[in-house]
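Quick look at what Swiss-Prot lists:
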- N75: N-linked glycosylation site (CARBOHYD)
- N478: N-linked glycosylation site (CARBOHYD)
- 1-18: signal peptide (SIGNAL)
Amino acid sequence: MARLVLCALALLVAGGLADPVRNNVPQKPADPVFAKRQMDLMTLFFHVLEPNYIEANKVIVNTWSLEKNIEHFSNVTAVTTYIKMLENQCCVPRAVPFSILEDEHKFEVVTLFNVLHSAKDYDTFYKTAVYVRDRVNPDLFSYVLSAVIVNRPDTKGIYIPRVFEIFPSYFNNGEIMTTAARINTHGDRLVDFYPSTYKWDKNVVIRWNPHLALLQQPEHTYSLLHSRLQPQLILLQRSLSLPGWLQTEALPVNQHRRGEWFWFLHKQLIARYYMERLSNGLGEIPELGHETVKDGTTRSFGTTMEFSSPVRPNNFNLDQPEFVNEVEQIYDYERRVRDAIDQGYVLNHLGERIDISAPEAIEILGRVIEANVDSPNVQYYKDFISVWKKVLGNSLVHEHQYFHHYIPLVVPSVLEHYQTALRDPAFYMIWKRVLGLFQQWQEKLPHYKPEELAMPQVAIEKVDVDKLVTYFEYSYMNVTSGLPMNVEEAKELYDQVSVLVQHPRLNHKKFQVRVNVKTEVAKTVLVKFFLAPKYDSHGHEIPLHVNSYNFMQLDEFVYDLPQGESVITRDSVETTGNEWTTSYQVWDQAEKASREKHLSAKNMYFQDVLIYHKHTLNPCSHVE
């Protein structure tokens with residue numbers, strides 16, 4: 001068992017990544033108008049593979065016209081473009097998988113986002129969303145609508161159903177989804193017939209049963225930790241609040257330091273993963289070379305279109321004829337970034353030099369490596385990370401294409417979906433390599449001076465941490481929205497059978513951190529807790545200057561230190577936040593708020609986005 005070190009650091013309230021954190025997110029009054037918007041938008045996500053069943057929405061679908069309402073949009077170009085795309089049927093078909101990494105798919109994403117985001121009022125936005133829901137690819141629609149809700153001021157605070165509630169097939173194997181389909185057909189009358197199901201209150205529960213393929217590879221002894229929902233969903237949330245294809249000017253809510261957050265989030269993920277590997281005896285994260293990838297993955301899933309996602313065998317050979325161009329692209333694009341780091345500057349699209357030799361330049365470097373639209377030169381510093389994902393996902397071959405061979409048919413791998421990428425060990429191999437670029441840049445920065453780090457009036461005397469006790473417990477995922485409604489259900493707009501899937505999750509008992517501090521004068525400080533391994537996989541102590549990149553930030557909070565001796569206490573429940581709210585709970589709350597003005601609804605979705613680097617990346621987080 002690897003030993004971990006907990007560090008406490010007291011700093012003045014300034015700098016770093018402190019400002020996006022919100023320990024106490026203010027409540028948004030849930031007036032009837034807001035509550036109705038919440039309910040209306042939630043209905044667009046539920047049973048998204050099926051047509052609109054709500055009568056009012058049917059009227060909109062049949063009568064609303066983009067052409068006749070074009071004056072209600074600020075981005076007329078996007079609207080006219082999308083009208084032509086719909087007329088000429090050059091959108092991603094509803095019956096094929098969607099991949100945000102495909103340029104043709106991404107073009108429709110950006111166009112539809114600009115249409116919905118540029119609606120001048122909420123009514124136009126909502127009617128347009130209803131209108132396109134039944135006309136476009138459901139995965140694409142759900143992704144775009146989520147991104148718009150996050151970034152429109154008049155939908156701020158709207159809760160977005162979790163992706164596992166919308167598309168449960170991404171998170172459950174074929175056996176589970178087949179059993180769920182049988183329950184959906186037979187109701188609860190055959191529960192006793194299936195050994196994997198039982199009745200719980202008004203729900204039918206499917207017992208957890210991992211696919212036997214997970215036992216075929218040593219890496220999959222870690223399957224429970226790879227499959228944890230929360231980090232996967234946070235990666236998706238980041239892509240919605242700060243999508244790489246959306247310029248900062250169009251982000252009224254989430255436009256702070258996207259390049260730096262890009263680095264920070266993935267550094268947290270890799271640091272956490274490394275500690276979990278050490279704790280489970282899996283050793284170092286393998287290096288990603290240019291010949292063979294030892295660890296394969298059998299983590300396929302049934303897509304919403306009943307395609308099975310590609311898998312990667314063990315000892316996957318990159319030296320294959322079909323990968324030659326892609327591998328050359330990867331090394332060429334990586335070399336351009338390495339050259340820029342060595343030279344101390346990047347070139348913008350005009351050929352002008354932009355200095356990256358200062359610590360603040362991590363924002364520029366992050367944008368360059370992500371190759372997002374705010375990069376100084378996206379035509380030169382290209383997206384090699386996505387190419388890695390396509391190659392290692394083993395999903396490069398497009399056998400059929402649509403709309404005169406313009407739109408490719410690609411069945412994305414686990415790596416190519418934000419909500420599933422962390423299940424593949426190749427994700428961490430890619431990001432170990434990418435973080436090496438950031439580390440190469442950081443090593444060229446000037447060293448901190450003692451006066452920049454020291455707080456001579458504050459001394460940390462001692463840090464005590466309670467014993468950490470972990471255990472597994474079950475959580476329950478509602479998959480009902482992914483099951484088709486029968487005629488009566490569609491008429492009544494109510495699911496007669498609620499199907500839950502049992503999943504194990506790692507939890508821990510409550511513990512406390514105590515920091516004994518001596519202060520010469522009263523001072524307000526920012527306290528940060530970090531967790532890091534003390535020994536590597538060979539049992540050797542890791543030198544601090546080498547280990548710094550393995551430090552994972554657990555928590556940060558503002559604290560008023562009194563003069564003299566004091567003890568800062570922090571409970572684990574303060575670090576991790578509350579249980580995620582389910583869509584059922586939000587719907588019930590919104591329904592009540594639509595009738596009673598005195599109720600209030602928390603700004604739930606934005607709370608998740610703004611504090612994700614605290615609780616979601618904790619390797620022992622009790623939230624799942």
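In case you wondered, yes, glycine gets a Cβ from its N, Cα and C as well.
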Cα-to-Cα gap, N75 (N-linked glycosylation site) vs N478 (N-linked glycosylation site), nearest whole Å: 38
Nonlocal residues around N478 (N-linked glycosylation site), in sequence order (Cβ under 8 Å, 6 or more apart): E165, P168, S498, V499, L500, T582, S583, Y584
Secondary structure of N478 (N-linked glycosylation site) (DSSP, helix/strand/coil): strand
